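*Asks:* Handing you this structure, nothing more for now.
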Number of protein chains: 2
Amino acid sequence: MPIKIDSKEAALKFIEDHDTFLFDCDGVLWRGNTPLTHSADTLKLLRSKGKQIVFVTNNSTKSRKQYVNKFTKLGIDAKADEIFGSAYSSAVYLDKMGTFDKENKKVLVIGESGLEEELHEAGFKTLGGADPALNRDFGPEVEKYAIRDESIGAVVCGLDLKINYLKIAYAQANLRDPRVTFLATNVDSTFPATDMILPGAGTVIKSVSFCSGREPDATLGKPSKAMMDCILEKFKLDPKRTVMVGDRLNTDMKFGANSGLDTLFVLTGVDKVEEANKFGVDPTYYADKLGDIFELLE
Amino acid sequence: MPIKIDSKEAALKFIEDHDTFLFDCDGVLWRGNTPLTHSADTLKLLRSKGKQIVFVTNNSTKSRKQYVNKFTKLGIDAKADEIFGSAYSSAVYLDKMGTFDKENKKVLVIGESGLEEELHEAGFKTLGGADPALNRDFGPEVEKYAIRDESIGAVVCGLDLKINYLKIAYAQANLRDPRVTFLATNVDSTFPATDMILPGAGTVIKSVSFCSGREPDATLGKPSKAMMDCILEKFKLDPKRTVMVGDRLNTDMKFGANSGLDTLFVLTGVDKVEEANKFGVDPTYYADKLGDIFELLE
């Protein structure tokens, strides 16, 4: 059973035992567009004690730069360098694979502008993404997209609110060539919006995957170990002094546990501490909310 | 090993042993928009001998009436009553389930006009389908579609060349209610078009299925037994005197074999007779092409 952080002593020890704090965002720092009580204050407290902070999000629609705006709007200090999203993670992964011919090959992006932006920053040339030429019905004049384009060396898929048949056909036609790398930013089945649940990135991945007869060569995003490896390497972290904070058992908690990190489970999301067994995870700590740490030490 | 129909005697016996001939269309009668040699003549020959003919197609985008036009264009006689498509099959199935409250509930159609038409003919009220209101980007003004509509009692999904995020969200929001029936017209991963392979109905089904966390309650279309049961019942057929003719081992041949029918495998599609073992099927007969029957008896 996880240790509950409900005393000043527990909160102090939690802070002392770790140098780096990885944070899931939605359900931990905010819900939808509402900041959660004292989350921002807890982050400030950690910073004042010289702790390192990294924000880890599966949202692939925004680049790190775009994500900073969201933090600012919600009154939370964050630098682009502290944010680790699945779009950035995909770009880093493709780069590290070392087999992609950046000079002569392009990446087909099925996803939004954030994903494109991260790939461009990493030096990749892209096709697809937010290109308005793809926002149209399938028909004779766009059939060319359903034919293999030899300039494409990888297909990277993420959440795309403008997904359509043409884009699926475009991805499929190129994925039929086994030499083309297939990356998925994440495979979340849904994501919570204000008052509703919406289809997640996994919806796009599953359709592309099914018609092309291929599974992604790698899936970034929590809980994948590929993403954690990218984080640990980029920030040169000691896993023993790092803790993952999140509200989801099967993504955040599994993500931390899979790499031997301590984990803090907060109850401001949909999951309950009693459900931990169901997902085969055992968080190190839990708290009613992240803001409790600030409140206990105030 | 299947018996090859390559002599007058074999062709005659094949005809004499059966009263009803079920035909797959693409790859048997035509390929793309080109009629296959003497296929139409073979159908005429069978008709002249008083044989019953049924056309069985997984194409859910056209209603039976719409499909007749395709036959006529390709010079083949066919009546709407002889055509059994997965759209029609879905309407019949939903009707036969007997649990759907036609008066007070509607069917959400994720698919094209043919599917809508068949549901209307069977007396269902529908939403979605070819409604142009759904052909738009997801955003605040269409968020209402991502919220459960209590008037919807079933979601029927098929191939939709205008599939988009809004439609997927619409289906998902309603499928989260376990009282809503979920039918798939068919789950073909792809379909062949002229010079290219395109994503099939299964692509739509898999995305809707993944984000709603549900598998279809029934999948119509070959090789599902649900479709064969509909056919056998509608035409009051004797399975022992019925033969299924097709070019695909894992759909057409499996479809016939699953219900104990004789099967004729024709080599005018992509599959080869040597591959039968791979799909665990053993056709009763095979022929280079359907037109051979006409040619052998000419």
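One-based numbering along the chain as shown.
A Cβ is built for glycine as well, from the same backbone N, Cα and C atoms used for every other residue.
TrEMBL: automatically predicted annotations, no manual curation.
From TrEMBL, for reference:
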- B:D24, B:D26, B:D247: Mg(2+) binding site (BINDING)
- B:D24: active site, nucleophile (ACT_SITE)
- B:D26: active site, proton donor (ACT_SITE)
- B:K222: substrate binding site (BINDING)
*Asks:* How big is the gap, in Å, between the Cα of B:K222 (substrate binding site) and that of B:D247 (Mg(2+) binding site), rounded to a whole number?
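*Replies:* Answer for this pair: 12 Å between alpha carbons.
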*Asks:* Can you tell which of the binding-site residues (B:D24, B:D26, B:D247) has the fewest other C-beta atoms within 10 angstroms of its C-beta?
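*Replies:* Output over binding-site residues B:D24, B:D26, B:D247: least Cβ neighbours within 10 Å is B:D26.
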*Asks:* Give the sequence-ordered set of same-chain residues, not counting B:D24, B:D26, B:D247, with Cβ within 8 Å of the centre of the Cβ atoms defining the Mg(2+) site.
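*Replies:* Along the chain, the qualifying residues are B:C25, B:G27, B:V28, B:L29, B:G246, B:R248, B:D252, B:V266, B:T268, B:G269.
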*Asks:* Ten-angstrom check, please: count other Cβ atoms within 10 Å of the Cβ of B:K222 (substrate binding site), all chains counted.
*Replies:* 26
*Asks:* Once the DSSP letters are reduced so that anything not helix or strand counts as coil, what is B:D26 (Mg(2+) binding site)?
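*Replies:* Its secondary structure by DSSP: strand.
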